[in-house]
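Asker: Straight from TrEMBL, here's the annotation block:
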{"type": "COMPBIAS", "residues": "461-478", "note": "compositional bias 'Polar residues'"}
{"type": "COMPBIAS", "residues": "494-522", "note": "compositional bias 'Polar residues'"}
{"type": "DOMAIN", "residues": "31-146", "note": "domain 'Regulator of MON1-CCZ1 complex N-terminal'"}
{"type": "DOMAIN", "residues": "537-624", "note": "domain 'Mic1'"}
{"type": "REGION", "residues": "427-478", "note": "region 'Disordered'"}
{"type": "REGION", "residues": "494-544", "note": "region 'Disordered'"}
Amino acid sequence: MQGGLSSPGALSHAYVQHPPLRCDIPDIKGLFYDDANKFLVAPTADRILYWKIAASTQSGPPNSDPINEGPILSVRFSLDQKAIGIQRSSHEVEFRNRETGEGCSKKCRADSETILGFFWTDCPTCDVIIIKTSGLDLLVYEPQSNALRLVESKKCSATWYLYTHESRLLLLASGMQCTLFTGYQFSAGGIVKLPKFEMVMSKSEANNKPVLAAADVHIVTVYGRIYCLQLDRVGMALNLYRFYRDAVVQQGTLPVYSSRIAVSAVDNIIMIHQIDAKVVILYDVFMDSYAPISAPLPLLVRGLASNSKQAAQPADQQSSAYGGTLYGEGWNFLIPDLICDAENGLLWKLHLDLEAIAASTSDAPSILEFLQRRKSDLSMVKTLSLAIVRTTILERRPVTLVAKAMDIILDSYSRSMKMVGGAAGVRRTSEQNQQSSFQPVEDSRVVSQEPPGTMIGPVINTDSASGVESGQSQSNSGVEHGIANLAAHVDRSSLNTSSDSDGITNTSRAVSQATSSSQISDATGKRPQVVGEDSQPLASGTSMQHGTHVASVAISPIEMVQSVFVLVEDEMMGDPAYLIAVIMEFLRSLSKAGLKAPPDLYVMMTALLACSNRYAEIALFVSNKGF
């Protein structure tokens, strides 16, 4: 998808939507983000104000809770939202019952240890974890008695920590350069301790050892996989690590062009913000490729009433229009896809511009594969996918390329049908088991530890799925035989001509892949551990729900006929040979995927053959059960 690297017309592939959530309330003591509950929290002297961050950041009045006066370092609500934890100092965390207003606190020894932070967890054995410089305290919060009970203490040294609720992963940094890490995952499935590992730091001048800061390490979850990105300021590189249950592996290195970066994850796309340069680079790691999917482009502000022609608006004009500065000093990037402008009291949500990304490349199969994996704007995904297929046909691109594009569309639809059928089979089996068994149901908080790297969707009932596919394949056996015979009469050799733009795209892609391969090979020699054959990727705490998403994005054969072939038929009637060849490939793709062709397509095929006076082929088509 490297055609975008040479697309000067595309001004941005990512944007924030105006208006943002406004939280510029007087007398607040800072802004905090509770990522477990998706609350933006703004404490005052005696109250906590908070907004629930939904899919859109629409402004509205905040909710409010009374609290005791005192300093506030961080605020987190319990997962059931019945209690609030407030870190008052580096030696005390206060817990307050929201129903009764009663509170209790947890203190540490001021002379020997410091509290770095805390978080709530859905781990079966504890409710709260307090991170100290001397280790971890695993606590159970008992609201009835308004008390905390210590379950376990884990001794380990920590200078700073990093935690995201999305991954349920806690990283503790230690060592002179803070490059030695101890990791734990606290999830509904229990506690997983990762092996200790060391992050790579380039050597600088003699006697000068750079120290890794917490701001230079980022945990992101994409496609259900947990990654860690570490900025090497000396080497001007971003090291990418993948977490497994028994190993942590450096999988690649991404270049950086700024001494300050930030990381976001939007719709399973990793965004690397080059803050000094004020541009963002997008990466899709689904196929373990570390080449960017777009050129470095600025972030756009959309929806400003002062400008109807947003695409032509310079960054400084956008900044003045909303009253802040793009990539300003007060910007705090919140995982996965939020930006908090603390100076102006604004909260932005990041979005992908799928239309701009699709327009930046002429590699139709590549962009179609990319679109089938998106779920942020389902209607846009479907509209763009259909438009891309139509355009490739109208431009008379090589039939082999059009066939590959249609294969991608139909494969996606076929997989979605199997997933929907499989999920229904799983639900039926579960209901039958519950009705026929007297065994107690396991704790609902326990989730599957199936590695998301190998299973990106829900569990599929293979018997049900194979049954659907088998039935469809049998119903199309006659059609497949007819297609094979008819294909022998269609000469496509004169149609497989490629344009100059194809050559440019392929060359650009090859160069980019070669560069990426070089970077990956360099990083391979620095890997701290080697993944064993039995290693499983560390599961994230989020549910993918991929089957439902694919079903809503996938394009059915009927939609292909109505939104592609019917619309291009009139423009192709002057020379129907090309369209006949394309429809032949579509029928072959349908047969390969075990899908039934819509009857209207056979009627169209017959009409096109008749316009070309190819009556013998019509007879062959009909005799081989084309109808």
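Cβ from N, Cα, C; glycine included.
Unlike curated entries, TrEMBL annotations are predicted automatically.
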Asker: How many helix, strand and coil residues does the domain 'Mic1' (537-624) contain under DSSP?
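Answerer: Summed by class, the stretch gives 64 helix, 2 strand, 22 coil.
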Asker: Determine how many residues of the domain 'Regulator of MON1-CCZ1 complex N-terminal' (31-146) DSSP places in helix, in strand and in coil.
Answerer: 0 helix, 59 strand, 57 coil
Asker: If you average pLDDT over the domain 'Mic1' (537-624), what do you get?
Answerer: 82
